[in-house]
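Q: Quick paste from Swiss-Prot:
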ACT_SITE  GLU122  active site, proton acceptor
ACT_SITE  CYS374  active site, S-methylcysteine intermediate
BINDING   CYS142, CYS146, CYS149  [4Fe-4S] cluster binding site
BINDING   GLY200, GLU201, SER232, SER254, LEU255, HIS256, ASN331  S-adenosyl-L-methionine binding site
DISULFID  CYS135-CYS374  disulfide bond
DOMAIN    128-371  domain 'Radical SAM core'
Amino acid sequence: MTLSTSQSLLEKTALETYVPPARPSLIGLSRAELAEALGGIGVAASQRKMRAQQLWHWMYFRGVQEFAEMTSISKEMRSQLAEHFTVARPEVVAEQISNDGTRKWLLRLPSGVSGEKAHEVECVYIPETDRGTLCVSSQVGCTLNCSFCHTGTQKLVRNLTAGEIVGQVMVARDRLNDWADRETPNGNRLVTNVVMMGMGEPLYNFDAVRDALLIVSDNEGIGISRRRVTLSTSGVVPNIVRAGEEIGVMLAISLHAVRDELRDELVPLNRKYPLAELLQACRDYPGASNARRITFEYVMLKDVNDSLDDAKLLVKLLSGIPAKINLIPFNPWPGTAYKCSDWDQIEKFSEYIFNAGYSSPVRTPRGRDILAACGQLKSETEKLTAREREALRAMAMTD
């Protein structure tokens, strides 16, 4: 296969020191928080609810980037807002476009500590014929150390704020020119689905993820239905049922093994929350039904977890859970010891699960050539060496 990658690097250095703005961004605030912020700059209590709703419309429905564009708000109020706040998103440092159309953005965030280097996360847009899926990060780095995952090789730096999570969705709409306007207020959008499957464990950043997803799914703003928003977890059991109660989005479980001994190795969180506890939490997940199935993600690792015995035990373990199983061909990254299962074996594994009554699609790898596929994300703070880039190129060309 010929590697054809279009890469546009903006004229910025990813590791230069970032100075946080003096004016906070309103992105990520709920209506109540917007009203409170308005009160802090002297807006009369009788006007706060109405003004907050105006801000909500312009920020989350229209996606404007300057208060001056909010034409339904008086010039005096716009000037007052601009004096104290911004509607800034995370800064795009680099954009890569895969030969399959997948886009990956490297986004700069404030460090939160004066004098520290900027932090970065990655966000991926995957276009398909019937949808456009945005893969969003919840943390800078990750604490889980899953052995097959590239992100797990980068230590956890910090949680993202609700604004930084919502900001990823807004950046995608900015870059894709995907906001509503007067001509197409209800037109088809390019970003139709959001998956919390980027860097980090969402349920270890519960409050910010909850607040962000409630904004993303609000039908008077960004307006992505909760049925089109999926939260993926490696199994933070105490927060699974809570997520169903407080967020109400679709649930995905990064399963990857059907025996505790192996899952302890692949997903070390299993040592704290073993399979029996995880699967019980899935059975208790509010709203789970045949119409709202839980997705179980299963990376196919050659001679590790891909035998028919594994498939049989998987079916047994999921008994009584409205489920579908996404089989993920392992996406290589420089330095990994794992290999992807042979395609024939993946098909046999999938066929057994399907014949047992479960949907078992094999996920098409997207964005491998730009390290944008499942399990490959890692912020550019830890840059690949030239040798690692050549290794990645060779991996992509042999698929």
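The backbone N, Cα and C atoms fix where each Cβ goes, glycine too.
Fair warning: this is a prediction, and the values are worked out from it, not measured in the lab.
Walk me through where these features lie, including what they touch and how far apart they are.
A: Taking all protein chains in view, 25 other C-beta atoms sit within 10 angstroms of the C-beta of GLU122 (active site, proton acceptor).
CYS142 ([4Fe-4S] cluster binding site) counts 26 other C-beta atoms within 10 Å of its own C-beta, drawing on all protein chains shown.
Neighbour count (other Cβ atoms within 10 Å of the Cβ, all protein chains): 25 for HIS256 (S-adenosyl-L-methionine binding site). Mapped onto three states, the DSSP output places HIS256 (S-adenosyl-L-methionine binding site) in coil.
When Cβ atoms from all protein chains are considered, those within 10 Å of CYS135 (disulfide bond) total 28, not counting its own.
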Q: When you measure from the Cβ of GLY200 (S-adenosyl-L-methionine binding site), how many other Cβ atoms are you left with inside 10 Å?
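A: Other Cβ atoms within 10 Å of GLY200 (S-adenosyl-L-methionine binding site): 29.
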Q: If you measure CYS135 (disulfide bond) to CYS142 ([4Fe-4S] cluster binding site) at Cα, how many Å is it?
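A: The separation of the Cα atoms works out to 15 Å.
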Q: When you tally the Cβ atoms that lie within 10 Å of each candidate's Cβ, which of the binding-site residues (SER232, ASN331) has the highest tally?
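A: Its Cβ has the most other Cβ atoms within 10 Å: ASN331.
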Q: According to DSSP, does CYS135 (disulfide bond) sit in a helix, a strand, or coil?
A: strand
